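S.K.: Have a look at this one.
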Amino acid sequence: MEKKYFGTDGIRGKVGERPITPDFILHLGWAVGRVLAQGRQSKVLIGKDTRISGYMFESALQAGLSAAGVDIRLLGPMPTPAIAYLTRTLHAKAGIVISASHNPYYDNGIKFFSSAGTKLPDEIEVAIEAELEKPMQTATSSRLGKAERVVDAAGRYIEFCKSTGPASVDLSELRLVLDCAHGATYQVAPEVFAEMGADITVIGASPNGLNINENCGSTALESLQHKVLECKADVGIALDGDGDRVIMIDQRGEIVDGDDILYIIARARQRTSKLTGAVVGTLMSNLGLEKALATLGIPLMRSQVGDRYVLEMLQCNGYSLGGESSGHIICLDRTTTGDGIVSALQVLVEMVATGHSLYELKSGVVKYPQCLINVQVARSINLHDNNAIINAMQEAENQLGDEGRVLLRPSGTEPVVRVMVEGRDISQVNSLAQQLAQEVAFHLGNPQICP
C-alpha cells in the first residue's frame, strides 16, 4: 500500500500547511496511540528541537495520545538520537521526535522510533495512516493518558554519549569549537565534551525559536571554519538542528565530511579489530572513499540515499558501521541510529589514541571531483526505459573507465532528476555532467537545469 503522509524520514513540511497543522498532528497522536501503544501501561516519549512551532505540536501530540489512552513522557528539547536512546532505555512503546532536522525554522516534522530505538518499519507506518482515515474516538475519562516530564533526560543522554568512548579517554589536550546550530544539542553537546576534558568554544547555542540552522550548523560551515582558525583549535564540530548528523573542520579550516568521518572511524575499528564486515555508504558516497577503504581491505557497500536505507543494509548484513556524505554516521556497535555527538567523539578518541591530527587522519581519502546537476522534469519516468539516456550514460561511463562514476537519480520529493558525475579530471567531469543533464532535460520535456 502506498503511503500518503510518511516519507523516507517521517512526516515533514511547512508549518501551517497540511499535514503540518495542529489539527492533523492531534489526529496523528491519536492514531499512533491506537497502533503503537495499546494497553493500560503503555507510554510514549515526546522530544523536540528548538523551533518555535515545537511547543504547539508537542501539545497537539500530547492531547492526541492522551485521547487514545496512552501515557506521555515529555523530554523537552532533545537531540533525535537521544530520543531513540531514551525510548529504548526507559522501555517506552515508542518515541516521537518533533523536528525538521537541518531545514529552516518555518518547517517542521514528526518522526518515530520503535521501542528498540529504531525507525518504524513500513507496515507500522501504513497502519498509522489507516487509523488516520478513521474519526477520533476519545477514551473514557478514567482511561485517558497522563503526561509527566522526564527531569533527568539530558543527564541520562550525556552519560550515554560519554560511555561510547573508552573510560580512560582524556580530551584535555584538544581544543574544540562546537557549533550546535541553535538546535536540539545546545545544552547536552557542550556538556559531553567539557566533561571529557576538552577545551571548548561554543557557537550556535542561543536558540530563540527562529534561528535554528540559520547560517550555522552542518549545512553552513563558514562561521565555524573562521572560528577554528581564530581560536587555533584542533577541531571544529558542526551539528545540525536535531543532532543526528555531524561535519567536522580540521585545524587548517578544511571540511571533513561524512565520507571522511566514515573512513576515520572504519580505520579506527579495524586498528582495534572491532570492525564487523563491510562499511555501508550510499550511491552518493565519493569514489575516493571506496578506493581508500579498498586499500585497507575493507569493502564499501552502497545503499539508496537516506540514513534509513543505510541502517537497513547494516542490519540485513550484520555490519556495524555506515553513513552518508552529509554526516549521518551510524555506529551500530554504539547506538541504534545516526548520532552526531557520538560520531564526533569516535573521531576525537582516535585522535587521542594515535596522536594524529584530524588533517592527518583524513589524508587517506583523496576525494574525486564530483559534479551534481539538478534537472527539472515535466513528468515522472523510468530513466531505464529511455534508450537515448541509457546510451548517453554508457558513453560517459566508457570515457571515465574505472576512475569515475555516473549516477542519474530521480528525487523522491520533487520533480527533479539528479545527475552526478565523478572522476579524476574535473574538466571532464563537468563536461560529461552538462552533456548528461542536457540529454535528460531534452527527453523528459522540461529543459530547465537548476543550480
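Glycine is treated like the rest: Cβ placed from N, Cα and C.
Values in this document were obtained by computation on a predicted structure and should not be read as measured data.
Below are the features I grabbed from Swiss-Prot:
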type	residues	note
MOD_RES	Ser101	phosphoserine
ACT_SITE	Ser101	active site, phosphoserine intermediate
BINDING	Ser101, Asp240, Asp242, Asp244	Mg(2+) binding site
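Any idea what these are sitting next to in the structure?
M.R.: In sequence order, Asp9, Thr80, Gly109, Asp240, Gly241, Asp242, Asp244, Arg245 are the residues of the chain that are 6 or more apart from Ser101 (phosphoserine) and have a CB within less than 8 Å of its CB.
In the three-state DSSP classification, Ser101 (phosphoserine) falls within coil.
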S.K.: Report the residues of the chain - excluding Ser101, Asp240, Asp242, Asp244 - with C-beta within 8 Å of the mean position of the site's C-beta atoms, for the recorded Mg(2+) site, in sequence order.
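M.R.: What remains near the Cβ centre is Asp49, Pro79, Thr80, Ser99, His102, Gly183, Ala184, Leu239, Gly241, Gly243, Arg245, Gly340.
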